[in-house]
Structure formats: C-alpha cells, structure tokens
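**Student:** Under the heading compositional bias 'Polar residues', TrEMBL lists 492-510. TrEMBL lists 356-471 with the feature domain '1,3-beta-glucan synthase component FKS1-like'. The region 'Disordered' annotation in TrEMBL covers 489-520. If you look up TrEMBL, you'll see 541-558, 570-595, 607-629, 641-663, 705-726, 757-774, 1720-1738, 1744-1767, 1849-1869, 1881-1906, 1912-1933, 1953-1973 (among others) marked as transmembrane segment.
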Amino acid sequence: MARRVPHLVRKRVVAQWERLVGRAMEAEEERTLAESQGAEFGDLSFVPQILHQEKKNIDEILQTARDVENTYPQVARILYEYSYALSQTLDPRSESRGVLQFKTGLLSVIKQKRGEKLDRSEDLVIIEGFYKDLKRNLDQLENEDWLRQQPQFLRLSPEDWAELKRKILVTCQILNEVVNHLIKENPEAKRHVEFDSNLKEDLEKTAQKLDDYKPYNILPFEAPGVVNRFQNSPEVVAAMNALEWDLPDDYEFDGDFKRPKLRKLDIFDFLQYAFGFQADNVLNQREHLVLLLANSQSRLDPLGNPNPHSMHKLDETAIFNVNKKLLENYLRWCEFLRKAPSTNRRLDGRLEPMPQSKLFFSALYLLIWGEAANVRFLPECICYIFHHMAYELADETRNLIDYPFRNKSTILKDSADTFLDTIIKPVHEVVAAESKVCNHGKSPHSSWRNYDDFNEYFWAPFCFELGWPWRLDAGFFVKPKQNTIKKGMKFQSRSPQDQVPLLQEQNQPGATGRRRERKAGKSHFVEHRSGLHLYHSFHRLWIFLVCMLQGLAVFAFCDGKLNTSSIKYILSVGPTFITMKFLQSVLDVILMIGAYRSTRARTLSRIWLRLFWFGSLSAIIVLLFVKTIQEQESGSGSNTWFNLYFVLLIIYGGSHFFVALLLNMPWLRRLSENCSHYGPIPFLNWVHQERYYVGRGLYERTSDYFSYILFWLIILACKFSFSYFLQIRTMVGPTRIIIDLTDINYQWRDIFSKSNHNAMTLVSLWAPVVMIYFLDLQVWYTVISALVGGLDGARIGLGEIRSLDMLRTRFTSLPEAFTKQMQPHQHHGSQTLRDSVYLRKVKIDARHFAPIWNDVITSLREEDLINNKEKEWLLMPGNTVTSLSTSSQQLSLVQWPLFLLANKVFVACDMADVHKQATQEELWERIERDPYMKFAVQEAFYTLRIILDHLLVNDQGGIWVKKVYEIMEQAMSINQLRYKFHLKKNQLVKVLDKAARLTNVMINEAKKIDEKENAEENEMKKSFTAAVRKELLDFYDVVMQDFIADSETRIDVKGDRDIQDAIRGGQLFAELSLPTDETTLLVRRLNHVLTIKESALNVPVNLEARRRLEFFSNSLFMKMPDAPPVRKMFSFSVFTPYYSEDVIYSPQQLAKENDDGISMMYYLRTIVPDEWDNFLERVYPKKEDREARKTLLKTIFPKEFKLKPHEETRKPEDLADDIKLNLRLWASYRGQTLARTVRGMMYYKRALILQAQEEGAAFSEDLEQGSQHPTTSASIDSGILDARAQAELKFLYVVSAQIYGEQHQGLKGPEGRQKAADISYLMKMNDSLRISYIHTGKVKVGDKEVTEYYSKLMKADPSGNDQEIYSIKLPGEVILGEGKPENQNHAIVFTRGEALQTIDMNQEHYLEETFKMRNLLEEFDSRKYGLPDRRPTILGVREHVFTGSVSSLAWFMSLQERSFVTLGQRVLAKPLKVRMHYGHPDVFDRIFHITRGGISKASKQINLSEDIFAGFNSTLRQGLGTHHEYIQCGKGRDVGLNQIAAFEGKVASGNGEQTLSRDIYRLGQLFDFFRMMSFFFTTVGYYFTTMLTVLTVYVFLYGKVYLSLSGVDASLKEKGLSANVALQSALDTQFLLQIGVFTAVPMIMNFVLEEGILRAIISFFTMQLQLSSVFFTFSLGTRTHYFGRTILHGGAKYASTGRGFVVAHIPFAENYRMYSRSHFVKGLEIMLLLIVYLAYGAPERTTFTYLLLTFSSWFLAISWLWAPYIFNPSGFEWQKTVTDFEDWTNWLFHKGGIGEEGKKSWEVWWIDEQSHIQTPRGRFWEIVLSLRFFLIQYGVVYALNVVGHDKNFRVYGFSWCVLAGIVLAFKVFSVNQKSSANFQLALRLFQMIVFLGIIAGAIVAVAITSLTIGDVFASVLSLIPTGWGLLSIAIALRPVMKRLGLWKSVRAIARLYEAFMGAIVFIPIALLSWFPFVSTFQTRLVFNQAFSRGLEISTLLSGGKDM
C-alpha cells in the first residue's frame, strides 16, 4: 500500500470541506433570498444568468405575462409555459445557480393558472384572438386622427405614445415566438386547429416592426419608431450627413456584412467591415463622434436653414477641431519618433478631399480606443496600432476606388471580433500575465512590468520591430513563466521554447525559423523599493539644503566675518555639491537595474557618461580643495591651489548657471526647444536633462515664473534667517567649548566619544537642530502659503457674504450680478428691447433672476432643508410686466421675496407714529434708510391700487379709488401728506387691518371658485360679490372716517355725483369682477406683506440652507467666465465609479439597532430634527393626515409609544410603498449613498433645461437674429422638448457599477439584489443616468469552458425596465491592477462630451451650483492661465465637506479638508502652478485625457492613489491644472476615528508608493528648481517632513537620554555649560516646532476669510477646547507610520474605510488591534525615554525649562496612547469598560485556529501584523532599527548603585546574564500544562521553588550588598526595552527562529508584552470610568458640534434602550 503524504491528505480534506461548506452557504443564500422576497410562488423577478440569451429574453416574456394576466389570464398562462420551456432547454438539469428555484416558481404559477381542466389544443386559438385585439389597438395608435380625438392626447407626450406602440410590438414578437414554438412542439396542431396563415404572416410582419425600436443611448440612429428629439437640431443632422459615404449600389461586401436598412452607409460601416470591429463598439463610437462634431459645430456660427433640396453641411472648422484634439497625441508621438504620420496620406479618388479624410481618421482612432479595453492605459501603444491601421486605411480606400468590385480587407478573418482577437488580445494577455507576477502587490515592483513599462516600450523607435499585425515571438510578448514553489506562486521569464504563441503560426508571415527573443524588461525606469528615491527624484533640493547648511555653519564658525580665509572655508561647499551630484549619477546607474535591456542606448549612454563625468570631476575638485586647505594651514601665503580650485569652480559654476538659465527661464527654454536641432544645444539638453516622450515643455509664462520665484524667495529668506540666527549661530559657542573639554566624566564605558572631541555629545546636540533645519521649510511654506492664500481669497471675493444679514443687505444686487455673470450676453430678444423702453434695468434683471432663484428655493424644499412657510417667504415673484387684463396699471417696481419685506410695513407705521413731528420728507428719508421697508411700503401702496382697480373696473367705486390715490399722490408731491391724512399708528393700523381682511376674504373666495369648477359664472360672481363687498364697505368707512384727516379732502372724494348716487342707491361696490389667476397671486402676496408681523431675520433656520444660499449669492460677485447659451456650451459627462456601497438604505437598515439600542432613523431624526419635521410636513401636508403621521412614527420609533392592548408592533416593511420609499430616500439623502450622489448630479440636467427654456428654447432657431414667433401652448410644449433635447446633447451621467450584473443575478446575496433593484430605480427616475458594468459569462470553446467578459451599458426604457444599449466584448479579465481605475476605464468609452467630471460615491451636488457649470466649462477655452498655446486640462473645483456637523472628529476632518481643498489648492494653482488632480470633483478635458491614458493609472500598488497620477500624467504631457472657487460640490468624509485613521493610512501609504514612481521622479527632475520645491512640499514632501518631525522627537529624546546616562549632562552642569543661554535657545527651537502652532495657520486663515475675525477666534478656541490638538497629533502618528512602513516594506493596499454613521462604542480590543503598532508601541517608547531622562538626567527638571523641553513630547505620547479612547463614544462608561476588559482578555488568550480572524485571536492578529516583513532588505532594516532599544540597558546598568564606579564590560555582560535568567524563569513559569500532564505536581513544586529562590535571592542581595530597591526597579526599566528589541529582531528573523525551535517562546514573550502594554493603556481608562462625570464630559466633548444644533447625545447613546 502506497504511503499517504499527510499534507496532501490534509489539503484534499480541506478542499472537500470547502466545497461542502460552499454548497451549504449557497443553498442558505438562496433560501434567504426567497424569504426576503416573500414571493408566493417563487421569485420570478430573478432570472438566473444562464437563462439570459441574446434572442430569447425571458425577462421580457415574464414582464408581458404579468402585464396581461389580469385581462388575458390564459395568454399569461401560455407565456409562463413558454418561459418554462425555454429555461428547460437552456438548463435541462437545473445545475446552475438559482435555476431550480426559478423553475419551481414558474411551475407553481403555471399550476395555478391552469386550473383543474385544460384544453391545450385551444392555445393557438387563444393567441389568435389576443393578437387580433393587439392588432386593432396598434392600428388605432398608428392613426393620427384617432389619436387626436382621444382625451389623453394632450396629456401624454409623443414618447408615451411611442412606448405604447413598442410594448404592443414586443408582445407581438413574443407571440410570434410562442406560435412557432407551439407548432414545432406539436406539428399536428396546425391540422387540428384552424390557424389563419395570413394572420400568421401578418404577425411576423408586425413582429419585425420592433426593429424600428432598437435600444439607443442618446441619438436614435436606427430606431425610427421612437420620437427623435434631435431631428430638428441642425448640428446633429449635419454631423450625421458628414459621416455618410456613398459607394456604388452594386458594390458587394464579403462575409456576413450587410448594408444598413434604416440609414445610409457611412464611414463607420466601412471601418467595421475592413477591420473587424464589434458592432456595438461601432454603434457607440458613431454616436460619440456625431456628438463631438455637433457640439464642436454648435460653438461656431449657427448653421443656416438649407434649401428644400439640400442638406445641412458641417463646417470644416468643426471637423478639424475634433480631429486635431483626437490625434494631437498621435502626431506628437510621430514627431518624437521621427516618423511620418499615416494621417498625412490623402484618401484620394471619389472620397471628399480633406474633411472626410479627417473624419475617417477620427472614426478609426475612436474605434480602436473604444475596443482597446485595458490597453487604453497604454496611449502610445494605441498610437502604434492607429499608425499602422491608418496606413492600411489609405491603401484600402485606394483599392476600393481603383477596383470597385475587388473586395479586400486588412485583417478581417472569420469573426466579427477580429480586431479584438488579433490586435488587442495579445497585448492584454501579456499584461495580464505580468499582473499575476505582482501577486496582489506582494512581489517587488522591479520583478514585473506594469502598465507604464508596456506603454513606454513604444517611446523608442525599436517598437516598430514588433511588426504588423504583431510579431508575437518578440520579447515584448514573452510572458513570465509560472512555477509552483512551496506554498507561493512564483514567476520567472519564460524561455523562448516555452512561449505559447498567442495566435496560430500561420498568421505570422516569416515567423518560421526565426529565433524568439528574450523577455523584454522594464522600460526607462525601475521602481526599486528604497528611500533613496526621495534623494534621486529631488536631488537638487537636498544638494541646495546641504550646501546652504554647510555654508551657514562655516560662516557662523568664522564668527560671521567675510575674509579670504573664511571664503576658502565657505567654498568647501564645492566638493559637497559635486560629490552629491556624483551620488545622484551613481543612483541613476543602480536604480536602472532591470531596465537596461528595454531602454534606449541613448539614455543608457547618458547615464554612464554622467557617472564618469561627475566621478572624475568630484575627484579633481576634492583633491584641489584638500590641497587648498593644506596650503592655507601651511602658512606659506601662497594661493596657487586656491586659484586653480577657484577657477575650476567658476568655470563649472558658470556653465552650470548658464545651462540652468537655458533650461529654466521660460523664454530661454522656449528658444532652446525651438533650436533643439542646431549647434550644441541638443547635446546640452541631452546631458543635463533626460529626454522622454513626456515631460517636455514643462515651463510657464514669464510672469508666472517670477511669481513663484518671489514666493519661494520670501520663504527661503525666512527659513535661512531662522536657521542661522536661532539655530546654527547659537550652537557655535557651546560646540567649541564641548570640543575642547577633555575632563568629562563618563559614567559608562566610553568607546568612541571621549577620544574624538566628545563627538557623540556633539551629535546628540546637533542632530535635532539639523533635522529641524531640513523640515522647517515645510513649516515656513505652510505659514507663507496660508497668508498668500488668504490674501488671494480676499482678492477674488470669498467671504463677502457669510451671514444672513450680509445676504439680506446685498440681495438687491443679486439680480444684476446674476444677469452679468450667468446670462448669455449675446441674447437679447425683441421682447426685452420693448420692455427696456419703460422698465428700469433692475426690473429686467429681477425677471431673469427670479426663475433661477425660485428653482433653488424649491430644491431646498424638496430636500427638506426648509418648510413650506419658509419656502413661501423665500420665493421671489416673477416680476413679469404683463398688464392685468382689466387694468392699464402696471406694477413696475421690483417685487422682492417676503423674507426681506416681513414686518416692514408695521415698522414703518411705528416709525410714523414715533416721529410725529417729522415732516413728510424727513419721515420718508428715515424709511429709505432701510431699502426693504421702502420696497414694502411702495409695493403695498401700488399693489392695493391694482387689486382695487381690477375689482372695481365696472363699478362706481373705481372712481373713488382713483380719486383717493390721485389726492394722495398730489399730497406727496407737495409734501402735504401729513396734513391731509392721519399718519398716526392707530389710524394706519386700522387701514392696514381692513386691507388685510379684504385680501383674506378674496383669497378664501378664490379658493371656493376653484373648488366649484362646474358652477355657473353668475352664481360664483354673486357669492364672491356678497362676501367681498362687505369688506370693501368697511374699508371705505375706515378710509373716509379715520384715514382722511382733511374735511375738504373728504368732501372732494365724496363729491363725485356717480359715487353719491351709488351710495344712496346702495350700489356702491355692487359690480365686482371675479379675480384672475394673476390677480389672486397679487392678493395673496399683499396679504402676506400686510399680515406678517414676525421677524424673518432667521429665515431660513436650517444652517445648511443658509450656507448654500450665502455661498451661491457670494459667488455671483466673484469673477467667472461669461456664460454662453446652452447650445454653445461645452458638452460634458459626469462619471462615478461604484462597487457595492449603499444605494438606498433598506427598511431593515433604518430599523436595525446597534449595541446601544440606537437605530439609524432615530439617530438621523435626532441629529437633524428640523429636516425630519420638514419631511413629515411634505409627506403629510394636510390636517387630515395626522393619524397617518402618528402611524408612521409608531412604526419607526415604537419605543416612544405605548401600545394598546392587542395592538401589534408594526415594522417599517409594513408601511405603504410610497411612504416607505420616501422614508428610505430621506434617510439615504443624509448618508453617503449612491442615491444622494445621483440626485445631486442629475441637478445638472434640471439646470440645463431651465436655462435653455429661459434663453428662449421655445422659440425657433432665428431667435438669435431677433425675430420671435407668437408663443402658443403648442410652442411652449415644443420649447420644453427642445430644452430637454439641448440638455441631453450637453449632459450624460454614467455610473460604472462594476458588479451590477452579479448583484442583479443574485450572486452577491439578498443584499446585492436589493442594491441592484435600487440602482434600477435610480435609472428609472433619471432618464440621463446610465449604468455600466462588467458582465461575465461562460461559453464552451471546443471541450473547454471559457469565461468571456463584456462591458455593458444599461438605461431604463420608457416603461422603467432595464434596457441594454451596448455590449462590448473584452479581451479578458478586467481587473488586472487597482480595482477603481480599472472600473473607470472599462466604462469611460460610454461617456460623452468634451469635458468629464469625476465624482466619487461620497459626493453630492446642489442645484444652485449646477447653474454655474457652463461658466466653469468656459475655463477650458481660457488663455489666461498659462502660455498662449496651453489651455487648462483639469479644472479644480471647491469642495464642501457636509459631514462636519456629525461629531467633533468629523468637524476637525472637515476643517482639515476645507483648508486644503480651498486655501491650499488656491495657492497650488496660483502662484505655484503645481495644482494637479487631488481627487474629485475635478473636471477633465475629456478628449485630452482619453487620448493620453485616461483619468487615472491602474498599476497594482504603485498607483494605489490612482487619482493623483492623472494630474501627474496630465502635467507631464503639457496639461495644466487650475482651481476655481465660485462653484462648489458637496463631499462626505469619514466621521469616526477608526475610519479617519484608515483613510489617512491609505493616503500615506499611497504617498509612500508615489515616492518610488516614475511620475514623481520625472516631475522632480524636469520642473525648474522653484516649481520642483512647490511640487515636493505639496506631495510626498509633506509626508516625508511629517515623518521627519516624529523622528526629530526620537532623535531629541535619545540624545537627551544619551547625555543623561553617559554622565555628560552632569559634567556640563558642573562646568556651568547647561545654563548656557545660547545652547538652551537652540534646543528650545524644537519645542516651537512640535507644538504645532504654525500648522494651524491655514485653518485660522480660512476661518478669518470665510467666517470673519470674531467667529474665527471663537471657532479656533472651540477647537482647542475639544482637543483638536490631540486629534491632529494622533493623525501625525498615523501618517508617519504608514508612510515609513510603505517605503521600508511596501505592502500598501486599498483600505475600505466605510462611510456610515459612527455613534457606536468601539471595543477596547478593536482599538488596540488597530493602533498597537502605529501608535501605542511608539507612544510607550517615548514615555519610557522621558522617564529615563527624568530619572537620570534633566538637572533642570525642577525648572520651567524642563517642562518647556519635554511638554510637547509628553503631549505626543499621551495623544498617541489615549486619543482612540478619548474620542470613542461612551469610552469612559463603567459598564462598557468592564465589558471591554473581558473582551480584550478573551482575545488576548484565545489561541485561534484554521480560518480564524485576527479580531478573534491575538495569535492570528500577531502573525498578520508581521506580514509586511518579507524581504531580506526589510528584515535587515528592522534589525538595525531595533538596536536602539539596547541603549537604555547599557546606560542604566552603569548607573546602578551596586555597580559603583566600575566601568568594565563585565558589568554590561552580567546584565545580559540577568536577562537570560529572567527569560529562563519565564520559560519555567510558562510551560504548557498539556505537555506536562504526567508530572503536574512535580512541575508546580519546581515552579514554587524557583519563585521562592528568586525572591530570596533578591532579598539577600539587597540586604548584604549595595543593591537597592531602586536598582531593582531600574533594572526592570532597562530590560523592558532590551526585551522588546530582542523580540523585534526575533520577529524579523522569523524563519531562523522557527528552524531553531524558538518561535513558540518568542510568541509567549510577545503575548506577555502585549498584556503589559494593554494594561498600561487600560488602567487610566478604568480609573477614569469610576467617575460618572468623566463619561458625561467626554460625551459632550466628542459630540459638541451636534450639541450646538440641539442634539442630546446622552439620550442618543443611553436612552435608546430605556425607551
């Protein structure tokens, strides 16, 4: 019997177990899914993936069955049976996932529908009858006359009628399939059942009509049945005409290609035929190019109306513009490689001359790009492909012209996917193979080729050796060889004989017999993991800083004097400079290892030449300098060597300066590039700067150049002044003294320092100074940039409106500012010209402004930020000037919103009463001081007259009104108003009261009239007159008796005979006119003006609504480009990557309670109570809805209500569907969900439609010429349709939902299904929303099952169902690198337009901001940001963090983000010119970026921060990034400390990877010096200096510990040197840095700018009281840890931070796991160093100096140790503390097992924490860094009392013996109980003896020797870090420890240390938890922001369970 291998058996068992568990979980998921859906007969809405077929869509069949089952149940039964038959055919054994459940549900439904008796022979008869009914309905729908007679004709849009037709045709097509199926299933049925053959033929013809309704994206090219909104768009029609291509009618195509039936043949058809592109790719790119051409044309002059017999013709300029942008990168590539562009070849013959040639090449490029998949990340590879295909295109078209019937294609074989399989797939396969070598980022970057390596292969002429189509035996296509070694998968280069050809050999002519090449290596750059990259990339900065440090130090040691001697020493910087340049050249050689084989010889020769040059030069200069110093010290007075040295330096320095000017000064740089082929300039450029395809032309305008030079000169002046006067110069004196000291008493065995002028002492003192010198430049940059950014922000107008008072004050200026900024200036209709004759400009401006403002207010109400009352007060009247139908009087003054006029009339009355003695002029002057009081009085006065004129137009009372107003106006003109009328308060109030009552009655009567629609007019008029007349008479009496003071005036008013007759006859006010709609609006408004007595100073109440209105109003006064008409604006798309985040919160999520008993709904209602009340008011607006409202509250918050007997608790799922949906959306709009993002982005379309309507989209095309057609209701409807069409041409929103298909199919469980359903709902509600996803399917190729990948685009059809638009096959697996950029890349082909805005899943938008999008897009056409030929390619947009009010941490994070995304990026853009791409919502020049690699990079790990690389790439390719703050976008951030730490860790790790990248290297090398500094300190330099700050603390403390333990500190004190003021001031500078005051300057400046000085001061001190410094210090440690670890070990990976609401308590163990290595270990180390310093040194510890020196270090240690618990909700609640302790101990001592997670077992977690230590280099550096822990032991041992003055090494050796004894004792006490089960008693006895022996030995030693208790504690203190150091080394040497059998002991000691560290952290928490007030204070601290808004978190956290 063969011996079984144990590990193989184990693997087999595990594999079987995994399969069993997998099946069980799958069954459980399906069961749960069925339960969650709650379907009675199974879930028929879920059709398994295997049942989806292209021509047999079971979804449509089931949907049709559902639609007809109520009216035609037997037809529905037949359709269900047909669906079952199809599913049985596709999967007869029900083996695929979900098929069995689906079939079971179908059978249940069929059984119910059949009933007991069923005659199957009647099925065809049933279908025949059903079809006749359908046909009758279809004929009616196609009859225009019949449609017009229908009552719903005007109600339904043309799209609705078209959808009705489509549904009928879909049903007919399905019926045709069913009939065919029934006949095929039972051929005898035709004989037994009479089936009309003519009817069958008619059915087939009708079914074929469905082809007229093909799915489409935007333009219905091949769907004539749908309503084409764009058929009247001349630009679209002209673009489609331009693509047409006429061939002879008798021309025949090979293969399966057929001419299109529904349109003419075009360029794309030919290219599809010639090159084998996919059909859907062709459809997609045809629409893409048409839209690009149409939008390009729209920006030119309008196309005139063509003759009836001619077509619209596209302007050639539009074609050239599109072609130029698409092929710009290709032409630059050809120029770089010195190849003639293939586009220069004319497509002659019968083709159009140049324009159509341009269209051919544009279409070809787009088709290649559209099908390139992951190869899109290789833009120059696409250029290579295009180059050859364009060349062949010219030949192919010539062949067509010369030989009309000779059909020849280039690479077309037998498949429609020829291009994909032949050209794209080979490249994709080799890229995919290399990505597997990456091993999920665990393999070194240098061992595999990433996307950049593949792309840069095409930067050299040898790329043409790849041939065409491809020479697959080339080294480029050689895949790495995969070998299985031990546990891991390792890859090696495949030998040529192992290389499997990607295509058949016969497809490669000439390949036979050719020797295959070696695998190509990396190209031009190798990402070796090394911190030296920071020097390699930015060597100029480090050389400059080192030389300046050396020069300043030498100058200081020369006592600040300049003479010949000091100059000689200062010139020592020369050798330093040249040596560092030599080091750079050495790194060039070393760091290129791995890329020599694939790098051009020219580049390699440059590297070696520089190495030789700088090596030789450095040797010569160093030699000359040494000779110069020797000559100086010899005293001979000779300067021979110095002169030689000086001349050489002058020559080298002068030439270097000249070349620097040539390469950096913009005008010289431009000149050198223009002369790059003449004289020595090419050689100079080649030697001094590497020449890549990218990175050329990195210079700016001269004015910009001098701007950022001035900026940096100021910073450098501050930095070097500080460094010299406060650091370097103050250290000179003490340094000289210490060097000369020879009698320092070292307390330990000194080895090195004393014999070398106390070198270690000097190092300890100078090291912090030097490190601060290198990092304080970041501090000075922060301070100066904050000041510059603040001043620039004030210049552009930020913060001018920052409160409601400021908004009210400047509201009258808003219409004018709006018209100036956001109205197209070229649009002036004739109506506007007529209006301007008699209206002031402000009235016209207000009329334009009102619709936009009102739409903004309406959106605020829809978002529940304001209530109905606030909405009414904030709305602005339309300010139209159309006269009332019965009055010639017009209201010509501007009507302002009510919130400005509220209470103003009554205040005016009070003013008139108070100032009784004032004249009319004085009184009016006082009123005018408040402009809104003046407006209110005037509006009330004139509006009342208009209303009365309308009412009394047929009554004698009209004469009375006219007389009263005439007398009043006359009195006002002669200043007699006070004499003729009573202006006392009582009389005025009476008049106002009567007027208000009159308007109230009119409003009520108007409502009654509206309710009585069918009543007779006479009856309504009689009722109205009776009610209103009474109030009019009362008003008449008050005016005549109380208001008119002059009797003569009273008589004059009454004197009219007609009025007297009417009074006597009782007919006064008897003939009233009924109010019109316009009159009713005026009455309602007047009523508000006269009745609102409360102040509106706080309207709106909601802070977010205030902020948005304030910013929108402020932005109107900021400088922005003029707004073009919608037709002429740039088109754009919005793009959002989505994976599996929340879409819409489910009812279960809303109701689920956390451990504290808090549900999401309870939390949201508590934190935004006003928005919750507004929601209830919106959902239940009527009083009758009170009961329903109460039911809703009972359902959501059951704990707040006591249930009645026998009353059951309702669940959220039991709510009505509409209420449930509204509730889910309300909650989702307050979280970070996809629904919130989609709502915000779809505001773009709403804004564009409104703007198009406002611009006159209702008029015909000749509007711009000034003519205007009469506006009828039909033309208005047409205008809305035209506006929608314009919006669709300009805007599209694509969400790349990567796994939507899997979610929809149920492969991601019930939760995934729900998310897919929610996404479908969003598509249904937003017609411009598209969903793209990756579809995977299994197909059989021969005997193998192969996975195919497709990129699909979906939209909702008019019925709301998912509709597939495009399905483009991909060459293979999509996710090869980082997931997010790959997800973006596959879907970017579906975007449209010239611009692309990238939006993340945590963002939202605001309607008022979307109105400014067309202004922003005009920035792409601006020339003011750079060189004349360089326009912006990335537009940065301001962000507002909307999560800042959730908690204190969220507020801190939002402030940090806000200071960067506003002030920080403002400075980056101007003056520094290094603003790139730092995330979303930037707007990209879409064409620029899609032709240059996309909007992100995707190589695994190196591009972890994928977004920022888009900015790097754009800049290197001569792009330009700008920043604009007149528009903002909302953004969510992480709100919990763990989420924030995960996010910051991801960003820091990403920056660590960036330091290794070629992008950073090239920008650092190719930028000029000052721009390079800007780039460094705003990217990786920020994280490097952050790490350096922490290292400075370590260096400082270890230096102080060294001085203390060595005895130097005491010796210096004895000699009085410790009191040296200069020395102390130098050491004190580190305190100034660590305290972090300077880093808060940007936030302070931002506060001042946007909130004002007072609020800024309050906010800043509030931050400090909330311990913001603790948070920022803690974040410092996070960034340092992850940045440093990534550089040292790598292992950076994407961390999902989660974006939920964080109010739950985080267990102690979870916090410990997360922060143990990043913060706790380091914090304890710092604390230990401080204790040692306090115990053994610090002679000044009783003085303030000690506190000053160590305060920041103590603060750092405390923050790192306890910040996670300070900011942890309920972190100091006693019960939770007890639970946390139990949880922590259980975790610590749980051993774990197979499959255990780290959160359950300490051992598993501990192993995971070591996973980053993989490489020998990493192990080496871990060991080196661990050696620092041995210093304390070495020093403390010699300081023990028992040692005395013995400095022998045996003392130190004895301490190691003690340590060994302690380890042995620990081993004795930690013996495994199970292993000693047979001698338990003996073991325990032995352990007791050992324990007693140790105690006794210690007591004896203390008693009879000089050993003291203090020595014992000191020994323990010293051995703790030593043990940790040994433990760290053992972990680094893990393989060795395992071989030696010591790993279990290492693990046991590690567990002991973990317990010790955890106890130190936990004990203070436990002690503080004893005091209840601590928990209360901490809750207040953490949630203070919420408290300021009325949130009671104490109730939130503890009350949930008590309710």
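Including glycine, each Cβ sits where the backbone N, Cα and C put it.
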**Student:** Could you tell me what the rest of the chain brings near the transmembrane segment (1849-1869), counting residues at least six beyond its ends with Cβ under 8 Å?
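**Tutor:** Cβ under 8 Å, 6 or more out: 749, 1833-1834, 1837-1838, 1843, 1886-1887, 1890-1891, 1894, 1915, 1918-1919, 1922-1923, 1945, 1948-1949, 1952.
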**Student:** Are there three or more C-beta pairs under 8 angstroms joining the transmembrane segment (1953-1973) and the transmembrane segment (1720-1738), sequence spacing 6 or more?
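**Tutor:** Per Cβ check, the transmembrane segment (1720-1738) touches the transmembrane segment (1953-1973).
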**Student:** Give the residue counts of the domain '1,3-beta-glucan synthase component FKS1-like' (356-471) per reduced DSSP state, in the order helix, strand, coil.
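**Tutor:** With helix first, then strand, then coil, the domain '1,3-beta-glucan synthase component FKS1-like' (356-471) has 83 helix, 0 strand, 33 coil.
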**Student:** Over the domain '1,3-beta-glucan synthase component FKS1-like' (356-471), what is the model's mean pLDDT?
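**Tutor:** Averaging the confidence scores along the domain '1,3-beta-glucan synthase component FKS1-like' (356-471) gives 84.
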**Student:** Same chain, outside the transmembrane segment (1912-1933) by at least 6, Cβ under 8 Å from its Cβ: which residues?
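**Tutor:** The answer is 1725, 1728, 1731-1732, 1735, 1810, 1813, 1818-1819, 1822-1823, 1825-1830, 1832-1833, 1835-1837, 1839-1840, 1855, 1858-1859, 1862, 1898, 1902, 1942, 1946, 1949-1950, 1953, 1956.
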**Student:** So which residues does the transmembrane segment (1744-1767) touch in its own chain, when a touch means Cβ under 8 Å and the partner is 6 or more beyond its ends?
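**Tutor:** Long-range Cβ neighbours of the transmembrane segment (1744-1767): 1448-1449, 1537-1538, 1593, 1596-1597, 1600, 1624, 1627-1628, 1630-1631, 1634-1635, 1667, 1669-1671, 1673-1674, 1676-1677, 1706, 1708, 1711, 1714-1715, 1719-1720, 1722-1724, 1726-1727, 1729-1730, 1733, 1738, 1960-1961, 1964-1965, 1978, 1981-1982.
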**Student:** The transmembrane segment (641-663): which same-chain residues, six or more beyond its ends, come within Cβ distance under 8 Å?
**Tutor:** 568, 571, 574, 578, 617, 620-621, 624-625, 627-628, 630-632, 669, 672, 681, 684-685, 688-689, 1568-1569
**Student:** Flag the pair the transmembrane segment (607-629) / the transmembrane segment (705-726) as in contact if three or more Cβ pairs fall under 8 Å (sequence separation 6 or more).
**Tutor:** no
**Student:** Checking distant contacts: for the transmembrane segment (1881-1906), what same-chain residues at least six beyond its ends satisfy Cβ-Cβ under 8 A?
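**Tutor:** That would be 1841-1842, 1844, 1865, 1868-1869, 1871, 1912.
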